[in-house]
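Annotated features in Swiss-Prot:
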- 46-63: transmembrane segment (TRANSMEM)
- 83-103: transmembrane segment (TRANSMEM)
- 109-129: transmembrane segment (TRANSMEM)
- 184-204: transmembrane segment (TRANSMEM)
- 218-238: transmembrane segment (TRANSMEM)
- 249-269: transmembrane segment (TRANSMEM)
Amino acid sequence: MLLPDWLNALILGLVEGLTEFLPVSSTGHLILVGELLKFNDDRGKLFEVVIQSGAILAVCWEYRRKLVELLFGLGHSRQARRFVLNLIIAFLPAGIVGFLAGKAIKAHLFNSTTVTTTFILGGLIILWVERRQRPPRVESIDDVDWRLALKLGLFQTLAMIPGTSRSGATIIGGLLLGLSRRAATEFSFFLAIPTLFIATAYDLYKTGGILHAEDLSAFGIGFAAAFVSAFLAVRGLLRYIGGHDFTAFAWYRIAFGLVVLSTAHYGLVAWTG
């Protein structure tokens with residue numbers, strides 16, 4: 001499907017923003033939509049890096065007051081220092097695994113079998129977790145200690161497997177560890193900031209030479225679309241979990257996994273990295 005670059009940018013920006021912070025795997029959706037739009041060459045891969053920056057900025061904007069409090073509280077607030085330290089601890093496992101094995105994971109696991117399996121298995125795990133859900137022991141992200149942060153970071157490493165979903169791994173991991181839905185979701189949002197920022201900066205460093213002046217307008221549209229849609233998705237998810245569980249996302253993952261299986265079987269989408 002050949003569309004103008006600005007329209008490709010708008011569509012992919014919306015897809016990135018709407019899926020980045022939901023437990024559904026933005027990567028899987030971007031592969032599918034990028035393939036359908038025929039926007040999956042090196043420019044397309046660079047574009048994914050740019051729109052991810054828009055999604056990161058959206059969650060920073062949503063929590064701007066908390067981030068400012070943390071920044072100015074580091075010098076005198078023990079709670080601020082503890083929270084930032086917990087984010088660093090939670091980031092380290094994925095950072096180390098990504099540095100040591102990121103290329104190997106992309107080379108060997110980025111295929112339709114892996115993506116299908118992780119989508120469907122992830123959905124089944126969410127259903128299981130929600131059915132066994134017990135009263136939470138941790139109601140606020142400020143009550144997360146370094147041990148919990150480390151365990152949440154270990155859950156985040158699972159997102160290195162294509163189709164798993166970084167948000168899904170950390171949110172469901174949080175529920176298993178006794179966090180409330182809101183605490184698990186908000187910690188996942190905050191953990192996304194250093195994780196996605198560093199990953200995006202690294203990818204941009206590797207691919208930045210491909211960016212040309214004629215791409216700037218389309219990339220700007222995609223960035224803006226990702227920012228707005230991610231902001232709405234974050235706000236919407238926080239409202240949604242106030243009265244619902246994650247079961248709907250589980251069934252969506254299972255259905256999408258079947259879509260991946262079908263498109264791969266009939267050769268409609270090249271599910272490779």
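Here the Cβ of each residue, glycine as well, is placed from N, Cα and C on the backbone.
When each of 46-63, 83-103, 109-129, 184-204, 218-238 is scored by its Cβ pairs under 8 Å to the transmembrane segment (249-269), the top-ranked stretch turns out to be 109-129.
Within the chain carrying the transmembrane segment (109-129), a Cβ under 8 angstroms from the stretch's Cβ atoms is held by residues 23, 25, 28, 31, 161-165, 168, 172, 175-176, 246-247, 249-254, 256-258, 260-261, 263-264, 269, 271-273, all 6 or more beyond its ends.
Beyond the ends of the transmembrane segment (83-103), by six or more residues, the same chain brings 70, 74, 141-142, 144-146, 148-150, 152-154, 156-157, 159-160, 187, 190-191, 193-195, 198-199 to within a C-beta distance below 8 angstroms of the stretch.
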